[in-house]
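Structure first, then comments.
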C-alpha cells in the first residue's frame with residue numbers, strides 16, 4: 001500500500017468506526033426483551049402527539065383569550081350605554097328605595113318543632129332573605145330568638161348565613177329591642193283586619209311549622225303580652241278552594257309586593273301558589289257549608305301553621321274532598337228536579 005493511499009484508508013476506517021459506534025448506541029437504547037422496558041404503545045403515542053399539538057397551539061389559545069376579554073369588555077360598555085330602558089338588573093338595584101317597615105320572623109318556637117319542620121322553616125327563611133334582597137322596597141328584616149335546632153341546622157347546611165347582608169339576626173326575643181307600642185303580631189286568629197301597612201311599625205310573623213298542632217298559639221302569646229295583633233285582609237279579596245294556610249315566606253313576599261303595588265288583591269294573586277285555586281271574591285262561586293267554614297277559618301294569615309313543600313297540610317284531606325263531592329253532586333241532583 002502506498003503512502004498516498006494510507007491517509008484516505010485511515011479516514012474511511014474512522015468514518016466506518018464512528019457509524020458503527022452510533023449504531024451500537026442506538027441499538028443499546030432500544031428496549032430489549034427481559035430488561036423491563038417495553039415499546040411505546042399506540043395510546044401513549046397518541047398522547048405524545050396531542051401533547052405536542054397542545055404546545056404548538058399555546059400561542060393561538062393565548063390570542064383567543066385576549067380577544068374574548070376584549071369582546072366582553074366591549075359588551076359591558078354597550079350594556080352600560082343602553083341602560084335607558086330600565087331592564088338591566090343593576091339599574092333596577094340602583095332605583096331601590098328602602099322601606100322603614102320592620103318585618104320580624106319570631107323563631108321562639110324552636111322546641112315545638114321536629115327537625116323535619118326546622119329544615120322547612122330554614123328554607124322559608126332563605127326564601128325571605130333572597131326576595132328581600134331583590135325587592136324594590138326591601139324591609140328592615142329581623143330574625144329573632146335565633147338559636148337551638150334552627151341555628152344548628154343553618155350552621156351545618158348553610159354556613160354562608162353569617163355573611164348575609166341587610167338582615168338583623170339576633171338571639172334575643174323581639175320584645176328586648178323593639179318597643180311594645182311598635183309591635184303588631186300577624187295571626188289569622190286576630191279579629192283585627194289590616195287595611196294599610198304602617199311603615200313605622202314592626203310586623204311579626206310566627207316562625208312555626210307545626211301542621212296546625214298548636215292552633216291560636218301566636219294570638220294567645222300576643223294577647224298575654226299586650227301586643228297588638230292583626231290578620232292580613234285575605235278574606236276580603238280572595239276566595240280559595242283549599243285551606244287558607246300561608247307559609248312564612250308567602251306572608252313575607254305578600255307584604256313586599258304590597259309595598260310595591262299598594263294593592264292587596266294584586267299582592268295576593270301574585271304570590272299565592274296556583275294550587276290553592278284562589279279567585280277574587282267578586283267572581284267566587286259555590287256556597288256549600290264546607291266553603292263557608294273554610295272562609296271563616298282562614299280569613300287571614302295563619303301564622304301558627306306553615307305549609308309543607310308538597311302542600312300536604314294546606315289541602316283538604318281525601319275524605320273531606322270525597323264528602324264535598326258527594327254533597328255537591330247531591331245538591332245539583334236536587335236542583336235538577338222540577339218543582
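Cβ from N, Cα, C; glycine included.
Whatever TrEMBL says is automated annotation, not expert-curated.
Feature annotations, courtesy of TrEMBL:
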- 210: active site, proton acceptor (ACT_SITE)
- 1-16: compositional bias 'Polar residues' (COMPBIAS)
- 61-74: compositional bias 'Basic residues' (COMPBIAS)
- 309-329: compositional bias 'Basic and acidic residues' (COMPBIAS)
- 330-339: compositional bias 'Polar residues' (COMPBIAS)
- 88-279: domain 'SAM-dependent MTase TRM10-type' (DOMAIN)
- 1-90: region 'Disordered' (REGION)
- 279-339: region 'Disordered' (REGION)
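For the compositional bias 'Basic residues' (61-74), the DSSP-based tally of helix, strand and coil residues reads 14 helix, 0 strand, 0 coil. As a whole-number mean, the pLDDT of the domain 'SAM-dependent MTase TRM10-type' (88-279) in this prediction is 88.
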